[in-house]
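For reference, the structure is listed below as structure tokens.
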Amino acid sequence: MDVGMTPVRVGTAITLRGLRKRYGDVVAVDGVDLVVAPGEVVALLGPNGAGKSTTIDMLLGLTAPDDGDVSVFGLAPHEAVTRGVVGAMLQEAALPEDATVAEVVGMVGSLHDDPLPTAEVLRRSGIVDVANRRCAKLSGGQRQRTRFAIALVGNPDLLVLDEPTTAMDVSARKEFWTSMREFTDQGRTVLFATHYLEEAEEFADRVVLMRGGKIVADGTVAAVREAASGRTVRATLPGADRERLAALPGVTAASVRGDRIELVCTDADAAARALLIEFPRAKDLEVSSVGLEAAFLALTSEQEQR
Amino acid sequence: MIHTGYLVFELRRTMRSTRFLVFTVAFPIVLFVFFSQLFGNDTPDNAAGIDYHSVIMINMTAWGAMSAALYSGARVAVERGSGWQRQLRLTPLSGVGYLTGKGLSGLGVALPVVILVPLVAITTQGVRLSGAQWVQATVGIWLAAIPFALLGLLLGQLGTSDSMQSITSMLMMVLAILGGLWVPIEVLPDWMHQLARVLPSYWMSQVGRSAVDHHEALSSCALVLAVWTVVLGGLVALRYRRDSARG
């Protein structure tokens, strides 16, 4: 069977409405609304305790929400899981140590009505060479890829991954995302939680930032950067006056370190133009976009100040 | 409800465990040979004139089958602790399918000892029984392992992976000694004999023994074991519902 030809479900992939969950006095998820369209690759980003894992648990039907609705391709979470519409890779789910990789993946495949061939899944997950190895003897990265294979073998339309690349080294991480690409190229939907910002930047179409159980930003990687006042202008300017710099159009903050100045801008173009006109001696001009990490920090710290 | 793929997977995993094979297959065989050498040739002092070899064979078969069934179910605790159970909840395997698979694999892994101990008894001690007696001493004992598979599941649902091993071993010992599997029940003081009649392990061995010495009626064995099965099955189901409702 050519897996690329498998019809992909239509309709909304994920709909979360007014999702809430509290554990005792701790509000883990505090009103999350999220709609994900089929084919989107969404990164769920946030510090520990932001509510990412609880949101994922509710999405998968592992935890019942106190309030709100969850639907996965129009199905209740449990039904979506039973029908193999959603495949998932959890953070701390172990493997049966006494079974081989091929046995585990084959067994999970046998539970599904329309599984992918085990050999195909092992290849795509990059674990063909350890297929007959017992799970107890796998490295951290191999374990993760085996768990990825388990999530994949049911041929799901939606993959949900909770911090999939923890315990992987750089090359394993790279390989992992290559196999993910193969999956998403077929128009499948992916939601992954991560705290590796570069992964979100590189692999997601869309980034959802969570903090304190709420979504604090949601958009494309570019839009999220924008939201945190996107760019920085750096230049060499001896004897600069910080206050005059800060007053330039499009500048939100300025700093001076010796001859080097740094302007944090909402409109870098306007700021650069004004800088060169008002200070003709400014040179070595450099405009750079703030990384997602900086945007992330800016957004979350903004929340903290409120 | 029964997933063949899952059942086969479970059977293979369990049969691969050296510790499992040592405790549930090798030990009963070794002890059978040992006890047979010690007591087997004693002149039967009872009116029925039973051959002790067959009684020891039945007790060791029952002990092995009981351990296998218990051990298999108790592994649920380990999988609950490790998170593998959580991963399985994200597959089409239902909770009932999971428990059924574990229970049936408990019966499956009880088969080798039920076959091997009698084989060793025939070949080394020359035990001879009629066809009907053999059915009772093998198939009968094997079916009597059902409540133990359920007891294992219940322990697996209640215990933690750390406590499980000691709890299971302890319970196996108590059930084996008080049920008269290691020491012939006749040798035990009367109050212990009365206590034994409550235990499923006693009735399990009596399923086999009723074929050779008519100590208890087979119908009583079936009845008591059926009650144990219903009670333990009910507790497993109840616990399962609590667990799923917690979510």
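From the backbone N, Cα and C atoms, a Cβ is placed for every residue, glycine too.
Summarising the annotation, TrEMBL assigns domain 'ABC transmembrane type-2' to B:19-243.
Taken from TrEMBL, the feature transmembrane segment applies to B:20-40 (among others).
Positions annotated as transmembrane segment by TrEMBL: B:52-74 (among others). With a cut-off of 8 Å between Cβ atoms, the residues of this chain six or more beyond the transmembrane segment (B:52-74) that come close are 10, 14, 20, 23-25, 27-29, 31-32, 35-36, 39-42, 44, 102-103, 105-107, 109-110, 112-114, 117-118, 121, 125-127, 129, 137-138, 141-142, 144-146, 148-156, 159, 164, 167-168, 171-172, 175-176, 180-182, 184, 201, 204-205, 207-209, 211-213.
Marked as transmembrane segment by TrEMBL: B:95-122 (among others).
Packing against the transmembrane segment (B:134-155) from elsewhere in the chain are residues 54, 57-58, 61-62, 65-66, 68-74, 76-77, 99, 102-104, 106-107, 110-111, 114-115, 118, 164, 167-168, 171, 200-201, 203-205, 207-208, 210-212, 218, 221, 225, 228-229, 232-233, 235-236, 239: each is 6 or more residues past its ends and has a CB under 8 Å from a CB in it. The transmembrane segment annotation in TrEMBL covers B:134-155 (among others).
Per TrEMBL, transmembrane segment is recorded for B:167-185 (among others). Nonlocal intrachain contacts for the transmembrane segment (B:167-185), taken as residues 6+ away from its ends with a CB within less than 8 angstroms of a stretch CB, comprise 31, 55, 59-60, 62-63, 66-67, 70-71, 74, 151-152, 155, 159, 192-193, 195-196, 199-202, 204-205, 215.
What TrEMBL lists as transmembrane segment is B:217-238 (among others).
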